[in-house]
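So the structure is just underneath, and the comments pick up after that.
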Amino acid sequence: MKRVLLILVTGLFMSLCGITSSVSAQTGGSFFEPFNSYNSGLWQKADGYSNGDMFNCTWRANNVSMTSLGEMRLALTSPSYNKFDCGENRSVQTYGYGLYEVRMKPAKNTGIVSSFFTYTGPTEGTPWDEIDIEFLGKDTTKVQFNYYTNGAGNHEKFADLGFDAANAYHTYAFDWQPNSIKWYVDGQLKHTATTQIPAAPGKIMMNLWNGTGVDDWLGSYNGVNPIYAHYDWMRYRKK
């Protein structure tokens, strides 16, 4: 009987270890991405569908490109009258607590968003957890920080930059820990959140899109295209 019990306990322990290893394997480690070429082992491009609701465009892989300047460029284009294509790049793996940094130059135009964020949700079989750095193209002298925990948001915070982010590259970051999120601009702390902190690992995402029905937030998109957001590099340091 003791031997049978030992076998059962050992089997359960090995099973749990397997589950733990599987979860760990799905969560990526520290890395630096210079965006000199496209790494399909690390990234994937959204293609052929729309998020709907306030997103007034279709994601196209062709709207994510690498330039001769050694940067990733996301494009907002119009293939036909009043139809719009946009660009989104996201990690293959999910990532958890740590420091997320990006050196980027957002697009400038009313009615659009350029972003850097982590996201996971029901399509991944998890709660909707998200941490955002967003630039509203109507005023790129400000940056918006936000986060969602199990679908609950309303944590928006605007920070004045003291410069126009669309004119030159700057470094933006957030340090995500179990009890806090801290957002930085060029190494300077701009905002700290300490309540309802998300816990589920998410994919690293960057996108450029035009909105509809959210004019109070973004302003009305005027159809100007092509428009570009530029990403020089990004880095994740696991903590």
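Any Cβ shown, glycine's included, is placed from N, Cα and C.
According to Swiss-Prot:
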type	residues	note
ACT_SITE	Glu134	active site, nucleophile
DISULFID	Cys57-Cys86	disulfide bond
DOMAIN	26-239	domain 'GH16'
SIGNAL	1-25	signal peptide
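If you measure from the Cα atom of Cys57 (disulfide bond) to that of Glu134 (active site, nucleophile), you get 18 Å. Fewest Cβ neighbours within 10 Å among the disulfide-bonded residues Cys57, Cys86: that distinction goes to Cys57. Rounded to a whole number, the distance between the Cα atoms of Cys86 (disulfide bond) and Glu134 (active site, nucleophile) is 16 Å.
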